[in-house]
Amino acid sequence: MVSSPRTPAVLDRERTPATPPAEPARRRATRPRVLVWTFRLAILAVALGGWQWYGATSGGVFVPSMTQTLAQLPELASSGVLAPALWSSNTSLLVGYPLSAVFGLAIGFLVGRRRTADRALSYWLDVAMVVPIIATVPVVIVALGLTFTARVAVVVLFALPVIAMNARAAVRVLDPHLIEMARGFGATNRQLWTGVILPAAAPHLFTALRIGLGRAISGMVVVELTLVPVGLGGLLLDYKSSFAGPSLYAVTLVIIAEGVLLVSLSQAGERWLIRRMRGERR
């Protein structure tokens, strides 16, 4: 029996690869990143160039140029002033931020999953979000004195309400069908939290912690600038009173760099943990 010849369409299908090449997909995925980083670097270059131009032409004593400020950083580091100030400031952050994260997440989970707790506590969380925290700093200092405990308390006041409110929103926006399905399969309360609620709310929870970290850094500096002149805030006050412009701007750059570094590290840890959680679920 003679077999019929294959049609060109069949031959074309056989020659067509089963999966498209991955290289164009990688290129398409890389383009947005390149554009994002191009815009970021362009904005940074414009800001630094404008700072350099204004400081060199019209800044005078009060606004040093970028090169003068950067040249002051090694001098501050070698003089032995910067490292003790960094440590003194960050001790309150190292204690206050973990406390804010633990209690903020706990309050957010409680308020987000228990209606009675939500009715009792959500009002006070709203008040804490509306009231300017800097107005409570003198009250804290009067109650606790010019102590390390007062500085930690201010850091907690800045960070805890933000973390609690975002954690509350994270566990409330979950799809109720997922929870009903897990309960229908007989999941315990612990399995419900570890297998459904926390994995689904993880991106929002990490965002809450990242925002809380930024607020904690703000509280760390604010309390030192207003009432407890120690650490980096104390250096800023000293250099401001002595009109040491390059040193003042150099310390400000250190604070900005620390904030950017800590937030970037938290974002990297967030991406790693989310990838790991998704891999374990598969």
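Any Cβ shown, glycine's included, is placed from N, Cα and C.
Summarising the annotation, TrEMBL assigns region 'Disordered' to 1-27.
Sequence annotations record features per position, and here TrEMBL assigns transmembrane segment to 34-54 (among others).
Under the heading domain 'ABC transmembrane type-1', TrEMBL lists 86-266.
The annotation transmembrane segment is assigned in TrEMBL to 94-111 (among others).
For the transmembrane segment (123-146), the list of distant contacts is 107, 111, 153-154, 157-158, 160-162, 164-165, 168, 219, 222-223, 226-228: same-chain residues at least six beyond its ends, Cβ to Cβ under 8 Å. Annotated transmembrane segment per TrEMBL: 123-146 (among others), in sequence order.
What TrEMBL records for 152-171 (among others) is transmembrane segment.
The transmembrane segment annotation in TrEMBL covers 192-211 (among others). Taking Cβ pairs closer than 8 Å, the transmembrane segment (192-211) reaches residues 101, 104-105, 108, 113, 162-163, 165-167, 169-171, 173-175, 178-179, 182-183, 263, 266-267, 270, 273-274, 277, 281 in its own chain, all 6 or more past its ends.
For 248-268 (among others), the entry in TrEMBL reads transmembrane segment.
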